[in-house]
Each structure stands twice: as C-alpha cells, then as structure tokens.
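Report on one structure; see the data block that follows.
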Amino acid sequence: MLPPPSLLLLASLAAAASRPGCLLARGPAATCVEMQLQACSDVAYNQTTFPTLLEHRSREAVESSSEYILLSVLHHLLEGQCNPDLRLLGCAVLAPRCEGGRVRRPCRHVCDGLREACQPAFDAIDMAWPYFLDCRRYFASVEQGCYDPLEKLREGLDAEEAPPSGLPPTFIRFAHHSYAQMVRVLRRTAARCPHVAKTYSIGRSFNGKELLVIEFSARPGQHELMEPEVKLIGNIHGNEVAGREMLIYLAQYLCSEYLLGSPRIQRLLNTTRIHLLPSMNPDGYEVAAAEGAGYNGWTSGRQNAQNLDLNRNFPDLTSEYYRLAESRGVRSDHIPIPQHYWWGKVAPETKAIMKWMRTTPFVLSASLHGGDLVVSYPFDFSKHPQEEKMFSPTPDEKMFKLLARAYADVHPMMMDRSENRCGGNFLKRGSVINGADWYSFTGGMSDFNYLHSNCFEITVELGCVKFPPEEALYTLWQHNKEPLLNFVEMVHRGIKGVVMDKFGKPVKNARILVKGIRHDITTAPDGDYWRLLPPGSHIVIAQAPGYSKVIKKVTIPARMRRAGRVDFILQPLGAGPKKFLLGPRRSGSGLQDPPGGASPYGEPEELGQEPLEGRRQPTADGSKPWWWSYFTSLSHHKPRWLLRY
C-alpha cells in the first residue's frame, strides 16, 4: 500500500490534465511573477512565468495538472529514491525560471545524469519516464546559457569553512557536526590530501541528503590489485551519534598524519583502501539533534524518515542459512536476496548500502553504535528464533572473535576491571559477545554482510550515552582512536592472492574454500581475493567452473601481521564430469549467472535495485501497474503517459 501521505496527496487529483502540452516557443520577453507553488517552494529562484513550457496558463492550472500531482507524490512512489532531485528537475519545467524578463532553461546534462541514475527506480514500479522530463525537449545546453536546477542542494556545502583563527589546518574541532558542517569537513579534508583522499556519494537518504563517504588509499577512486577494502559506518541509528563524530575525526586524523609523515598511517593508506561513511541516517540525526545532547530520548531519531529501523531493514538471510546448513553439498554463503524481500518497504539508505557492497569488494567492516560498551559479532539472529539469547556462531567464529578482540583489547574503558562502569556486565566476557547471545534480532546489517558477500562485519557499541555532550567527545576520541586503527589493520590478517588460468588471465568469481570452515569467499573481477583467517595451518582450495581445483596447505604464524601471498593457477578441465557444490537456487554445475542479466548473487544487474515488479505487484489481471488505480479512481482524465505500454 502507498504511505498515508501519498494517499492524501493523490486524493487531490480531481481533474488532472492527461494530454502532454506542446513546447512553447521562446518569445523575446516574458512577464516574471512570484513563485507560489508549494511543491516547488525550495527551488533556487523565486520568479516564474505563464504560460509555462507545458502551456499551463496560471498557477491554478499547474496545481491541478497530473504533472504537478505526480511531482508531489513521487517522493513516496519511489520510496525516497532520487528525492528531491527529480522534484526540483520537474519544477524547472512546470515552473520555469524567469529572471530579467526572460526564461532560463535547465541544463540538459543534469537531466541526462538524473535519468541514468533514476530510470531503474521507475522501472521497479513499472512506470514510464515522465514525458515532461524529456531531456532533449525541455532542456538546454551549457552553450545556450542553461542553469543547474539542483544548485540549491549544494548550497552551503561547497563553501570552505576555515579553522578558527590562529590554529593550524591539522586542528580537529571536537564538537558535534551538523549535516552541512560534516560535508564541509569531509570535502575540506579530501582537498587537503587529494593524493590519498576523495569524497563520493553512495546515494541519498529518504529526505534527500547525500550519503557521503570519504575514502583513503594510494589511488583514491580505484581498486588496486590485492589491496583490501575496509568500510566503517556510523550513525545507522540517527540518535547514536558518537560513531558519526569518531569517523569525522578519524578522516581528519588520517589526512593530517599522512601529511606529517607518520610511518604507520602512510603504510596503512599505501596498502589499504579505507571508506568512511560517518552518517548512514542523516535524517534521523536531524531529529535527534533538534532535541540536543543530554535531552535526546532513547529512541527519538533512531529510525529514518520512513520510521524504519535501518538495522532491521536488511534481508533476513540468517534464517535461510540455518535451513541450508542442515543439508550437505549445498553452499550456505553468498545467499541471494529472496524475491519477497522487495515487496516490503526497503529504505533508500538500505538500498544504497547494498549497492555499495556490490560495487566494491569489501573484506572488513564495522558498524558504530551507542547505548552500551561492548563489541558484538555475527550471528545476530538466534538459530532458534524463539530464543531471545542464544550463542549462535558463524563458521568463522574464531576469526570474528579475533576481530572483536582487536578493538576491545586496546580500548581503555572496555578493559577497565570495574563492574560498575558502563558495559560492566560484559566484563567477564572481555567486552566481546556473540550478537545473538546478547539479544537476537533479524534484518541486521552485519549478518547480511557475512551471508551475502565476502565481508566480515562487527558491531561496536561506543558508550552508554547515545548523544554525548560535546565536552565528552575528546575523551571518546582518545578511547577509540587506537581501537579503530588496530581494527582496520586486521584486514591484513590471513591470506591473499590472485586466481588465474594457465595463460595468466584472472578468473573472477572463483571460489576459495578452507577445509573445516563452511564459508567460501569469491574472487573479485581482477581475480584477486582476501581470506581472513586465524593463525594455524589451513587447507585452502581454489576452484571455478571449467577448471580443475587446486589444493594448498598454508600455515599462518601467530605473530604474522601481514597477509600471506597464496596464488592459484587453475588448469582447464578435460573430458569428464564437473563436480561443484551447488549454491542455493542454482541449477546445473558451478557458479552460473542467473538468467535475465542478473548477478551471480541473485539480484538484478542494475546495481542496488530490486527486480522489475518485485517491490509492488501489478493488479490482479496483470494489465496495469499497482499505482494506476489511485489515479483512475479519482478522475476520468487518465495520465496514460505514465504507462510503459
């Protein structure tokens, strides 16, 4: 069902126009009038003109049009995707910019970019791209003097924010950062260290805020052969803000220490690609920050703008794992996302993380939370769903404990022996606990990382105060700086290498198996892999469809701090049977791409998007999409241009 806000908006569609208007020839002059359209109140200009490019001759005509109503509800139809970008783009056509007695057209390249990014969202609900967003028809080139209709989104974010007078550029301001301040700090940091740092967006929140990442590596923006990738994510719950600030500080620290010549940091950035996402839930943070530190409730701002708990919004693959684990000869790793998952409400922030995971071969990850002082690791969902607390280990239990210990053992408060302190109830466990043994829940991000990809993720609870006062932030940084660095360095434990054929060509999606650990990892497109392993002797097997498997014995010394290099050269199979373990929902031998252009993991080829008609099913007769009845039930004027067929 549509969310209630969109039902209210759709109810106002009493007599919507359904015939596309013709392009109005641009005259020598136009009469500029004040912008009074509520859905377009946040555009970067304040005057428009009539008639519009769609031949609407008054504000009332625009507001009663199907085009305007579509813009008003698109936010909800697409469940936050491409918001507010598409609405601002549409406003540039429905209420054209007027200045100096002339109309200015929006830029064609902005429209082209949005169409490429947002077309899959329309495909997912079986809706045609709106005719009035035709990039060739209603938009202009830079040479023709166009303007960027999305300039308001960047307003205040690109401006430099100089450090306080008299302080060096390495100065870190230990304070809470608003969204705009966070963006400025991250961009300023990347500008100070352009050779090792870069910012990029993985998507937008439901309310349209960029999910901004800063990455550090010797070659920012590209994956290097055998360079492991690590991600650290903060603020998945909007009111748990310590992790957000720790990652903002960490970004500045890495840049400054690299420039100052710190051997440790230079070695780390030259051998590792580190991605920091300080705020996964910027909308929730705004709610929590409005109450302020010390006044924030335990749950106020926890959810995103759709009232979804993002750490309960990922696909439940753990239940499927428990089912598969009972069968021999069936893979229980890289479990595909079930089709029914997309029929529910999936947050744009969740989709952004899943798309990010598919485009980057992450090896290690941590999600930073607040509310206690402990490090937990998968599984977070109990093997027996009725058990609220039950030890539920993964096949990589030993490695996960090492990863958790790498953080907890160098955290001064986690090692404090007082039982009366925050997190004192975990003292006997060494401030480390299996997630399901603490409390069981489904739909968590850490379980999803482990079961859907090659990535091992832990959860770090940074303290009992979810929104600490500013005076506590410096101490929090001092407590967590070394644990964060120590944890990131753990990505170099175990083995790494390249799988290639006899001609030296990389073999992607080859499987790396470790005897006694029923969890395989796969090679990246360049044939490189990373397998986190505890010290000891291991039998490692590499295999891929069409090749004979190769078996090697490796020994990892206890004090080894650098991943051992173990390459595999696979020989093509001759005649005879080809035997490979079957994965879930796979038929035939080996790892085959599902039909229809899907990825090997069962999602559609379009990154981060659900299958066509997957989220919402068409009407019973299959002739019209699910949303069509909301338009047609309110008026006999039918906007058929929304239909794809």
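Backbone N, Cα and C atoms are what each Cβ position is placed from, and that goes for glycine too.
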Cysteine paired with Cys135, where TrEMBL records a disulfide bond, from Cys111, Cys118, Cys146: Cys111
For Cys111 (disulfide bond), nearby residues of its own chain (Cβ under 8 Å, 6 or more apart in sequence): Leu89, Leu133, Cys135, Phe139
Proximal but sequence-remote residues of the same chain as Glu461 (active site, proton donor/acceptor) (Cβ under 8 Å, at least 6 apart): His369, Gly370, Gly371, Asp372, Leu373, Val374, Val375, Ser376, Gly423
Summary of DSSP states over the domain 'FZ' (27-149), given as helix, strand and coil counts: 50 helix, 14 strand, 59 coil
